[in-house]
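If you look up TrEMBL, you'll see Glu195 marked as active site, proton acceptor. Taken from TrEMBL, the feature Mg(2+) binding site applies to Asp56, Asp95, Glu127. Marked as 3-methyl-2-oxobutanoate binding site by TrEMBL: Asp56, Ser57, Asp95, Lys125.
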Amino acid sequence: MRNITVPADASRLPMTLPRLAEKQRLGEPLVMVTAYDYPSALAVDKAGVDLVLVGDSGAMTVLGYESTVPVSLDELLMLAKAVRRGLRTPFLVGDLPFGSYEVSDEQAVQTAFRFVKEAGCDAVKLEGGGPVSVARARAIVGAGIPVMGHVGLTPQTSTALGGYRAQGRTAEAAGRVAREALALQDAGCFSIVFEAIPSAVAEAVMPRLHALVIGIGAGPATDGQVLVFHDLLGIREGRGARFVQRYADILDEMISGVAAYADDVRGRRYPGPDHGYTIPDEELAAFKEALRAL
């Protein structure tokens, strides 16, 4: 176990867009991680991350869906509200679920308002850099809500991209990533996620962007990195994407803990004398006497 210094609460101020921009100017890598409930929010807050995303990935990590597509707006809002209660300083971004913003600018703005008003999010994120996503981003920004874009691998529309696979691996595909990123920036996005694209492509595009670029499987040239909470802590089964670095094996610890509890119950070792409550002898005698009359 590495000896990691955790920032003292007293030295931390709430993260804001100007503070994020200053970190970018100084070349300080930004740290972003997902969270989906109160306990995970407490953990990432105390660890001192800069940004927290209530991602639609929660559809799979905490709600058990097969993909991000089925999760509803109300379900994600419930997760976002819980995360907000556990955060003090990180900048909170809510992910707009599939089908909650594509129909019209009005729908997109109304959805974004709900994340801000009901869940206390500081910004929202939407996927894709095509004409529809760019128009929706511009409308939400115009309504006064900061927007984070997302290009490269976009899980909500992964079927159209050929599945969960790296993007931008041909000159044409890399050009599309660049054009979409620039279009989102022109629409007013304060930040853009680059997911699963070649490091060299991300590095080549970076000089053209002033928006904060957060990478996930996009190499080290971006302004910051994001990972899914359950992936980096080893809380879910299965082989993760090649860009995932696992920093703990929490699922194994959880299984071991529950198995040990079950073994103690079945072996009548739990509960023990220290886990119970007492009653004075005279009160117990009086109770037993009264019990006989029932």
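Glycine too: its Cβ is placed from the backbone N, Cα and C atoms.
Sequence features annotated in TrEMBL and their locations in the structure.
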residue : record                               : DSSP (3 states)
Asp56   : Mg(2+) binding site                  : coil
Asp95   : Mg(2+) binding site                  : strand
Lys125  : 3-methyl-2-oxobutanoate binding site : strand
Glu195  : active site, proton acceptor         : strand
One should report the C-alpha separation between Glu195 (active site, proton acceptor) and Asp95 (Mg(2+) binding site), rounded to whole angstrom, as 15
CB neighbours within 10 A of Lys125 (3-methyl-2-oxobutanoate binding site), counting all protein chains shown, number 26
Whole-number Å distance separating the Cα atoms of Asp95 (Mg(2+) binding site) and Ser57 (3-methyl-2-oxobutanoate binding site) is 9
Lowest 10 Å Cβ neighbour count of the recorded positions Asp56, Glu195 is held by Glu195
Spacing of the two Cα atoms, Glu127 (Mg(2+) binding site) and Ser57 (3-methyl-2-oxobutanoate binding site), in whole angstrom, works out to 12
Residues lining the Mg(2+) site besides Asp56, Asp95, Glu127 (CB within 8 A of their CB center) are Gly55, Ser57, Thr68, Leu96, Pro97, Phe98, Lys125, Leu126, His150, Pro155, Gln156
